[in-house]
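Colleague: Sharing the feature lines straight out of TrEMBL:
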- A:26-136: domain 'PurM-like N-terminal' (DOMAIN)
- A:Asp28, A:Thr43, A:Asp73: Mg(2+) 4 binding site (BINDING)
- A:Asp28, A:Asp73, A:Asp209: Mg(2+) 3 binding site (BINDING)
- A:Thr44, A:Asp45, A:Asp120: Mg(2+) 1 binding site (BINDING)
- A:Asp45, A:Asp73: Mg(2+) 2 binding site (BINDING)
- A:His52, A:Asp260, A:Phe316: substrate binding site (BINDING)
- A:Gly119, A:Asp120, A:Arg144, A:Ser211: ATP binding site (BINDING)
- A:148-295: domain 'PurM-like C-terminal' (DOMAIN)
- A:Asp212: Mg(2+) 5 binding site (BINDING)
There are 2 protein chains.
Amino acid sequence: MKEFDIIERFFNQKCHQRKDVIHGIGDDCAITRVPEGLNLAITTDTLISGVHFPIDTPPEAIAHKALAVNLSDLAAMGAEPAWYSLSLSLPEVDENWLEAFSTSLFELSRYYSIQLIGGDTVQGPLSVTITAHGFVPNESPLTRSGAKPGDMIYVSGTLGDAGVGLDIQKGKLIASEHCVQYLINRLYYPSPRLLAGTALRRIASSCIDLSDGLIRDIQHVLKASECGARIQVDKLPLSVALKESVDVEDAYSYALGAGDDYELLFTVSEENKGTLDIALANANISATCIGHITGIKQKLELRFEDQPYQSLRSGFEHFS
Amino acid sequence: MKEFDIIERFFNQKCHQRKDVIHGIGDDCAITRVPEGLNLAITTDTLISGVHFPIDTPPEAIAHKALAVNLSDLAAMGAEPAWYSLSLSLPEVDENWLEAFSTSLFELSRYYSIQLIGGDTVQGPLSVTITAHGFVPNESPLTRSGAKPGDMIYVSGTLGDAGVGLDIQKGKLIASEHCVQYLINRLYYPSPRLLAGTALRRIASSCIDLSDGLIRDIQHVLKASECGARIQVDKLPLSVALKESVDVEDAYSYALGAGDDYELLFTVSEENKGTLDIALANANISATCIGHITGIKQKLELRFEDQPYQSLRSGFEHFS
C-alpha cells in the first residue's frame, strides 16, 4: 500500500467537512478562512513511541492522545478548535493499526468539530506530530502571564490519575480492576478541557494546561507572570480511584508531580470569584481552589495543613 | 541543557517579529491574525534522517531544506509566507549542531519574512516537522485541479540537479569540483519558488511543486484535473553542471525521475500565454515549456524529438 493510498483510504474518506475549509486534503496546501474579528491560535505537539507513550499503547489511544494534547493547548488559551494537520511516521504499513488509529482520531475530531486538513505520511520510527488551529476572540487572550499576587489558583478535574495509570501500565503498581480501567483510561484518553477554556475567557487572569506535572507546569505561569505561588497540597483534587490505589502520601506526590493530566490550571482575582463560580456552574465544570499567587518571584511554596511540605516527585523533563 | 533552555537559547532569541503575530513562542499556543480579505494556506512536511536526507547531512542543510520544502508547497499555491511551527526530534543535545541548525533556519526565515511561532522539542530519532502558513487572496487559489486539454506545461528552473547531487553525495557518481558544489547545493539548499508562485496567480490553470520527481508529481495534476499530458523529454531544462556530470540519456532520466528539485510545474492556457511571458519577464523568472495537456485521462506520454520515449527512473515512493 502506497503513501497516497493510505491517505485516501484511512484519512481523506473519513474526514468531515467544515465550511471554513476551502481546500482540504489533497493539494500542496490546505486553504482555510478565519472568521472576521477572530484571531488564530496555533499549537504543535509531537508524541514519540517509547518517550511520550509506552510502546505497547493501542493505536486508538495514540490517536486520541495525539489530538487531545493539542486540543488541551487550545483549551488553555480559550480557543475553539478549527483544523489540524497530522504528520505520521510509521515503521511499516499495518492496515489494522491504521484502521484503529484513524477511526479513533476521527471520533475525537467529530466530537470537537475539528477538521483534518492535511499533513505528511512517512516511513520511520513511530511518532505523531499534530499542529492544531483554533479561534480566539480578537482581544487579550488567556495566557500564562496575567497572574497577580492575591489571585486564587484553581485546577480543573482531578490530578495524578494518569501518572498512577502509567505506573499500573508499567507493572509498578497493582490496583483493583475498576480502578485500573479508570486510571489507564485517564492516561490513554485524556479529556481536553475546551469548554472550561472558553468559559474562562475574560474571567481567569492566567491559564496553562498540565502536561508535565503541576509542580513543573506552574513554574511557567510564575515565570511569565513574575510572581510566586503557595499551594495547599491537602486541597489537591484526587479521584476515588487514585485514593483507592495508592496511600495518601503517594497520592499527593502523583498529584503534584506526575504528568499527562491535561487538566487546566488557572488563576482568578478575588474580584472575579463570583463570576467564575457562575461560569463554572453554568458549564457544569468541576474546579478546585488549591492555593494563591504570592509576590515572591518564581517561589513555589508547598503547604500541607499549613505546614511546609516536601515533594517526592517533580515534572517530566526532556533532555534532563 | 533542558528543553526550555534549548528553545530560549537557540530559537526564541533569534526570532524576528512580524506584526501579525500577537503571541509568539512561549505559551500553550501562538496567537496570530490573518489580514482581512485573505485566506490561509497551511502545509506540513516531515524530514527524517536517513529517509529524506542522508544521515551525514550538515545541520545547516537540514534546517534549510526542512523550511524550504514547506515554503515550496506555499509557492505551489501562490501563497505568501507568514508563520511556521517546528517540531524537532533530537537524539541528544549537541550545542554546535543546534547553533548551526538554528542559524541556518533563521537566515532563510528572515529572507522570506516567515516567523517561527512555536513547536515542540523532543528526544528521539533525528527528524524535523514544519507546518507553514501563508496568505492567499480570497479567490480561487492555484491548485492541481485546473489543467485543461491544450494547456501548455511549464517548469521553473532546471530539473534533475538534486538527484545527481544525491548520487554524488552517496559516492555513486564522480564529477568535477565546480559541478559537485553546484549540484550538492541544489540537493541541500533548494530554492522555494515563491516569487514564481505569486506571479502565477490568475495566470496558471494549475500548479504543483516537484518534490518526488516530474513523472510522479505530474500524475497528481493529471488525476486532480482529469486529463493527460504529453511531455517533450528533449525540452526538459538541464543545468550546465548536470550536463557536464552525466551522459545525455542519464541527464534526462534524472530530470524526469529524480526527486528534490522543488521547482514548480504549472499549466497555462493558450489565451494566457502572453500574460505569462510578461509576468515571468517582469519577475525575472526562468521557466520552460515542456509539453502540453491532453484529453486522455491520467495518460502520461513521453516523447523525445517526436518519438516515444521510455523512462529509466520513476519518482520516490514511501512504503512502495
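Glycine residues also receive a Cβ, built from the backbone N, Cα and C atoms like all the rest.
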Colleague: Cβ distance under 8 Å to A:Asp45 (Mg(2+) 1 binding site), same chain, sequence separation 6 or more: which residues?
Modeller: A:Ala66, A:Val69, A:Asn70, A:Asp73, A:Thr129, A:Ile130
Colleague: Would you kindly determine which binding-site residues in the set A:Ser211, A:Asp212, A:Asp260 have their Cβ under 8 angstroms from any Cβ of chain B, listing them in sequence order or replying 'none'?
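Modeller: In terms of proximity to chain B, the binding-site residues that count are none, since no Cβ is under 8 Å.
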Colleague: Taking only the binding-site residues A:Thr43, A:Ser211, A:Asp212, which one has a CA atom nearest to the CA atom of A:Asp120 (Mg(2+) 1 binding site)?
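Modeller: The answer is A:Thr43.
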Colleague: With every protein chain in view, what's the tally of Cβ atoms within 10 Å of the Cβ of A:Ser211 (ATP binding site), excluding that atom itself?
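Modeller: The answer is 23.
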Colleague: Check the Cα distances from A:Asp260 (substrate binding site) to each of the binding-site residues A:Asp28, A:Thr43, A:Thr44, A:Gly119, A:Ser211, A:Asp212 and keep only the ones within 10 Å.
Modeller: A:Ser211, A:Asp212
Colleague: Mind giving me a neighbour count for A:Asp212 (Mg(2+) 5 binding site)? Other Cβ atoms within 10 Å of its Cβ, every protein chain shown.
Modeller: 21
Colleague: Which of the binding-site residues A:Thr43, A:Thr44, A:His52 has its Cα closest in space to the Cα of A:Ser211 (ATP binding site)?
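Modeller: It is A:His52, whose Cα lies nearest.
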Colleague: Need the DSSP three-state call for A:Gly119 (ATP binding site) to compare against my parser.
Modeller: strand
Colleague: Which of the binding-site residues A:Thr44, A:Arg144, A:Asp209, A:Asp212 has its Cα closest in space to the Cα of A:His52 (substrate binding site)?
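Modeller: Nearest candidate: A:Asp212.
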Colleague: List every residue in the same chain as A:Asp28 (Mg(2+) 4 binding site), at least 6 positions away in sequence, whose Cβ is under 8 Å from its Cβ.
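Modeller: A:Asp28 (Mg(2+) 4 binding site) has no long-range Cβ partners.
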